[in-house]
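Reviewing the structure listed below.
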Amino acid sequence: MGGAVVDTGDSGVKAPDGGWGWAVLFGCFIITGFSYAFPKAVSVFFKELIREFGVGYSDTAWISSILLAMLYGSGPICSILVNRFGCRPVMMVGGLFASLGMVMASFATNIIHIYLGTGVITGLGLALNFQPSLIMLNRYFSEKRPLANGLAAAGSPVALCCLSPLGQVLQYEYGWRGGFLILGGILLNCCACGALMRPLKAPKKTSEVDQKESKSKPKLLDFTVFKDRGFLIYTVAAAIMVLGLFVPPVFVVSYAKELGNEDTKSALLLTILGFIDIFARPTCGIIAGLKWVRPRCVYLFSFAMIFNGTTDIIGSMAKDYPSLVVFCIFFGVSYGMVGALQFEVLMAIVGTERFSSAIGLVLLVEAIAVLVGPPGAGRLLDATNNYMFVFLLAGCEVVLSALVLGICNMLFIKRKPQQPDPPAKMEMAITETEMEELNKAPKDNQDNGGGENGKKQAIEHEVMTKSDDKKVDEPESIGVDSIEVETASKKVTEPNGVVVEPESSL
């Protein structure tokens, strides 16, 4: 990459919690919206694709499945590229891939071309944007990180509310080919969002040890995260959760149609769900940032999953449209809580330095669950022809993941003792230095008299008083005190003006 600045993540720079971080948050908001909403927005064109290529609905459904599989499954590749080249260049290249895939798909002559263009290439491009944006958000925010995660996660429902109607307008005005071409141009905004990801500059390192550390290359993929019990528990719980988390939004519209509601009325349920989700995510981020909540963020995440799973179980008993509306309201709240907390909890578990590797490995595990969950629910629906069992299964899977996360953290994770603050450490270091100087003084002046001892006792008492009041002078002032002691020990002036040596007076 020549002379480009590579943001390795271990720069020692304190997170600014604002400033340019708000621009990074805006970019992350846009990228999160594209990543999660685009697979659903593409489904608007499925009917025209079925008519164009003479395929079935299950064939077109593979477009969204491949896109999601690339978004999740390419996590380790993203981690390696980010650790090697940094977030900004990876995101800008990813934006080009995302746009190129849609443009290529607009010239497709069969469904396989759509799989390769929209599914593989665009999916890879979105993955190269989604993961680095979260990594940069983690580096720019520390104290305000829960709020930042909540605001960034709100990009998903906002984009869904915008892209789905836009896709319908584009299909009506320009057909699916013109719609794909325009959406490809819109995805070029990922490059602009990538340009916002300015790496934090590290301070100049002066010591030889720091210079050696700066020259050492970071690990491309840090597998030591698997030694962390908290990370293992989170990964298992997240995999179980994903099995059922995305099932209700996929089947709720079909469920409403099964109950005899019109298509427009049934589609309104997703709009209600998304509208509630928009406000639930930032609100949950604010709650997670409270001082007494943030240390227990894992348990708040467990509660959100229990809330979501219980909503699915109760919603399976819905028999009319009003009950489905109530279900979508509560599901939107719980779904927003899960979306706002899932990456915040992972950041809190592994820390900033290992987050780039951890998120890639977690997304890879979740990719398998994403490919198994909705298709498995579809097979259950084909076998039973009853939506109640689909929602029950999804709710039980999400509740099980919450129990795994909460109970295992209580049993196997010990709370680490709090480390002293840096100012406290500095105060302790200064006090020890002063005491060492005081201990050296008797060795240098063993033959001095009682006046010298009184002076040293006064200095020692003054130092201890300063340390108690937490107003310790700089270590350089200690040398001045020792000079005063030596001066006092050498010459004493009598009232009559005669200078007398202390030793001779003894």
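Each residue, glycine too, has its Cβ placed from N, Cα and C.
Among the residue ranges 147-166, 207-226, the one that TrEMBL annotates as transmembrane segment is 147-166. Same-chain residues lying 6+ beyond the ends of the transmembrane segment (61-82) with a Cβ under 8 Å from its Cβ atoms: 35, 38-40, 42-43, 46, 49, 90, 114-115, 118-120, 122-124, 126-128, 130-132, 135, 220-221, 356-357, 359-364, 366-367, 370-371, 374-375.
Contact counts against the transmembrane segment (147-166), taken as Cβ pairs under 8 Å, peak for 20-38 among the stretches 20-38, 231-256, 297-318, 324-343, 387-412. As a quick check, the transmembrane segment (178-197) and the transmembrane segment (20-38) clear the bar of 3 or more Cβ pairs under 8 A, pairs 6 or more apart, so the two touch.
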